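Accompanying notes for the structure given below.
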Amino acid sequence: MTLAILGISCLAAVLSHTILFIRGEWDKHAPVLFHCFITCPIALICSLLAVGLYGITFMFIQVWLCYISSICLSIIIYRLFLHPLRDFPGKVSARLSTLRWMKTAAVDRKWHLEVQNMHSVYGDFVRIRPREISVNNFNAIRDLAKCARGPFYDVNYPHKSLQMTRDRNFHLRRKKIWQKAFSPNAMLAHEGHVRQCCQELMGYLSSRGGQPVEVTELMQRVTFESMGWLVFGKAFNMIQKGLSHPGFTQLRSVKQLGGLLLWAPWTLILLRNLPFLRSKATSWLQWCSQEVVERKQNPTMTHDLFSHLLDDESKDTDDLVYDSELAVVAGSDSTASTLTAILFLLATHPDKQAILQKEVDDMNIGGLPMPTSTLVNMPYLNSCINEALRLYPAVMSGSQRETGPGGVILDGQFIPEHMLVSMPTYTIHRDKRNFVRPDEFIPERWTSQSHLTLNPDAFIPFSVGVYGCLGKPFAMMEMRMVISSIMSRFNLRLLPGRPMSHEASAPAYDCYIIHIPAFSLVFEPRAGNIWA
């Protein structure tokens, strides 16, 4: 009798896998599956033990473990020998489960380096997860950009934002609204707020009197302040006054969960839906929600992002919360990391710093901060920014896409239908087939030494296609203004004893959005320079 029951359990496991679980997507249903396979069985076992039904309890445990082990065995056999991606190269453990990458992605946050290493071993097309192929081939960029988004973008399920949605119609409708916030006229209004942030930054750096300054947090404060104006139309007073802010604290805390997003996006869906695990995952969203409610209750004449989002007749409060999260995270965190990288690269390359300072001095006729109309015509400044974006793109692991019915051909390689494909930006940007001396900081590759850029189309820091970054104009304006302001007034110096190597002294962590650990620089006032 016992063997018969266990046999039925095994059969049920195999049938549920082959008929149900290999069809469709289950990531967004992670909480339901967790309760069905973990919470409920454990609760039942505890209940049976409480009433003294030990025999039934033992039998249930056997059946439960038999089902779990059988479905795991079925999954292993399918993924190794029957899966549509079985012929693609890659590590055997990666074909079986994403558990292979838990430490690399979620703990060490070095997923970008692991992917780069796999491509160096296995080639342009590598199976990095049971259902996902990583493609390091610039010829495939445009074709891949046409594909739909993958389940990675269900992480906010059941809610949506401009970025975290797979609903193309929702995205297109939301995109039109966001575009208004980054139109040329809107950018002129935003420029004044960024200028004010730069002035506060210059005042703060001057007050330090040449003492070491922790750069990573300072740049995060600057960009968070500018996002306060852009998104909510108000100041957070975090630069000159050095005030702390709950939203800023929550953002820094929640960023540590970015590794989970890269390892297995469904883990964040699970965290947000399990009462005993949700506190850290939701505290950041609670702050965003409070800001949204406050902004809705206090209409202003400011043409911030929310002035456009609130005009949307189909607006949903929860979706507004996730749009605000997107704006603050994408607008402040990613830009702050790029600014941090630029400053360190300039500090470790004094010759490049001197060239940039000369360009700034030559163009700085009307005082600081210079207007955008001047900054966009400064080739070396823009080259330094582009080179930092190449070496340290904001999203190093790239974007996930899903092949449609019939599959897709990428540079001659067929990818079966309904498979996931990602294009690792960090790896592409550091591929010697695309850029000569790819690991070196050479701003001239974008100007006088263009021969060092073999494939300009391989430069994709803001992504491409319909899902490209809408905030690029604002990010570029802010980076140009901050860097030019600093270069006009200060020399950047490393602390004594600091190695002259960016990668060795300030390694980049892949938290979905790049993170550069804390380090300090000396902002030494330039002799004879008067800041207007």
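Each residue, glycine too, has its Cβ placed from N, Cα and C.
Per Swiss-Prot, these features apply:
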{"type": "TRANSMEM", "residues": "2-21", "note": "transmembrane segment"}
{"type": "TRANSMEM", "residues": "31-53", "note": "transmembrane segment"}
{"type": "TRANSMEM", "residues": "60-82", "note": "transmembrane segment"}
{"type": "BINDING", "residues": "Cys469", "note": "heme binding site"}
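Within the same chain, residues 60-61, 64, 68, 269-270, 273-274 sit at least 6 positions outside the transmembrane segment (31-53) and bring their C-beta atoms closer than 8 Å to a C-beta of that stretch. In the three-state DSSP classification, the residue listed as 'heme binding site' falls within coil.
For Cys469 (heme binding site), the count of additional Cβ atoms within 10 Å of its Cβ stands at 19 [all protein chains shown].
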